[in-house]
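In what follows, a single structure is set out as structure tokens and then discussed.
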Amino acid sequence: MKDYDELLKYYELHETIGTGGFAKVKLACHILTGEMVAIKIMDKNTLGSDLPRIKTEIEALKNLRHQHICQLYHVLETANKIFMVLEYCPGGELFDYIISQDRLSEEETRVVFRQIVSAVAYVHSQGYAHRDLKPENLLFDEYHKLKLIDFGLCAKPKGNKDYHLQTCCGSLAYAAPELIQGKSYLGSEADVWSMGILLYVLMCGFLPFDDDNVMALYKKIMRGKYDVPKWLSPSSILLLQQMLQVDPKKRISMKNLLNHPWIMQDYNYPVEWQSKNPFIHLDDDCVTELSVHHRNNRQTMEDLISLWQYDHLTATYLLLLAKKARGKPVRLRLSSFSCGQASATPFTDIKSNNWSLEDVTASDKNYVAGLIDYDWCEDDLSTGAATPRTSQFTKYWTESNGVESKSLTPALCRTPANKLKNKENVYTPKSAVKNEEYFMFPEPKTPVNKNQHKREILTTPNRYTTPSKARNQCLKETPIKIPVNSTGTDKLMTGVISPERRCRSVELDLNQAHMEETPKRKGAKVFGSLERGLDKVITVLTRSKRKGSARDGPRRLKLHYNVTTTRLVNPDQLLNEIMSILPKKHVDFVQKGYTLKCQTQSDFGKVTMQFELEVCQLQKPDVVGIRRQRLKGDAWVYKRLVEDILSSCKV
């Protein structure tokens, strides 16, 4: 709890919205402004050799300010933890949107791709190379503008942008040929290749170079040969050819990409890559409000803000600025005022009772991408699903940011160990400049925050308990043995253990040999992790604030791209159908109401994939759907697995 003392002075923590290999992302409320943020929480001991990667990401984000880059607000470091407070991106991963549409039209692709080019061109102008460009590292904000996240693998060459890098990193399916060969390379040229892969994925819905065998995939990338679908236009084919040149010297440069004919079609002007959010001029209204609040004169406050320490003052100023940009009053609240539905009381009670958050059972509430309506508080003792209520925070049509959400990212799938060896990084201050375009998606297909229910552990593949039948039962939670060498942060209990685990990532990291370098847990805590304990305490102490019952059946959600509609009208029938299919696909799961928390494991017990499937009632008469959400694991493996599961269901 001591590590959280400073953080809890300024933020109220809500549910977990993303998980990754070494981080967890929580939704939180900034107390003074009432603005929602995403807080990336990392344990230094768990990070091990990944610690330099986090330092790299922090330094990069302190120097980058752009309308298409996820904004860093605040950095807190304690003896054991690092907290990064980041912009809250409710729109979810670009990857999820692509697979929901199968592929994007050329016009839609152009809108999206211009934003990607804008962000990457700005990154390059500041002397950085991102080196991990992929759809999972691009999130949508509440206005459906793209935000680039995850700068843990970025590099800032020591000399200039023409300095050749040596480190082999990134995801194989998006990595440039010169990078995977181990040659020295220019970061900007490698990024252009990755952007070419992105462009192909946007217009085609699948990877240009793909194979289950890593060596076969390596050879395909080195040959540079890929299928050209018949629906691609001649101009888009030409651009792909120019970006996916195996020889980096023949590859199109970023300068020429900005005003490429395909890029400019329907726009008639080049991509505006300059920053529209420079730090050069402070906003008068925000400075005045902070001066009044802190009882300082304007000049003193301007001087303090201009230090850009990324402390609470920086966070408050930037969040006030964000409020103003959305047309909200530039006003700070009393520090004693509680945000949203969750109060600071739980944390006070913890201290007064000498509880340790390590000793509280986790609520396991993971934020679901694409949430429009969601319930902030849930009842863990309920066996049904709560009917969500509309929240004032309708921002996130998903993610995390990535967590690692991605997302912050929602959700955050990262490649460990060797990706971090960024010897090329050096610190230099950033300059400012300006850019951008807006994009409204068609009516999405949607999920909602998942509610908490008592775990119903399945002990045989054929005995399932639907929430409606379980209402009058006393459920006995059966402990499940977990492999000793399993390394997941959240150990998933399961009763249906498959003899065969076959999920392997296509996008294996280039330094896969080092994947086990991250220190293993010395032993699972009896009642769950510290962060998960926060969820539980908030749940227990705010239960009275619930609206509606958790026993009313599946939640009613708005249509969203993360929801698959079915022909069935009975939610219990659909739930049983899914549960009968999962063991056949070698997927272990835990049932909580109408939500199934699923995972796959390797032959050695290592968790390779975590995702959720929730049966929901759409806001139309007699329409039942399945909400899908990836929590951890390779995005393309997840896509294939979930498609296989859903196609096998008789729905």
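First residue shown is number 1, and so on along the chain.
Heads up, the Cβ atoms here are built off N, Cα and C, so glycines get one too.
Swiss-Prot lists 11-263 with the feature domain 'Protein kinase', giving sequence analysis as the kind of evidence. Residues or ranges marked as active site, proton acceptor by Swiss-Prot on the basis of sequence analysis: ASP132. Taken from Swiss-Prot, the feature phosphotyrosine covers TYR163 (among others), and the record attributes it to experimental evidence. If you look up Swiss-Prot, you'll see THR167, THR478, THR494 (among others) marked as phosphothreonine. Residues annotated as phosphoserine in Swiss-Prot: SER171, SER253, SER343, SER356, SER391, SER407, SER498, SER529 (among others). Residues annotated as domain 'KA1' in Swiss-Prot: 602-651.
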*Near the Cβ of the residue listed as 'active site, proton acceptor', how many other Cβ atoms are there if near means within 10 Å?*
25
*Among the modified residues listed here, SER171, SER253, which has the most company in the form of other Cβ atoms within 10 Å of its Cβ?*
SER171
*Please list, for the domain 'KA1' (602-651), how many residues fall into helix, strand and coil according to DSSP.*
14 helix, 22 strand, 14 coil
*Could you state the whole-number distance in Å separating the C-alpha atoms of the residue listed as 'active site, proton acceptor' and SER171 (phosphoserine)?*
7
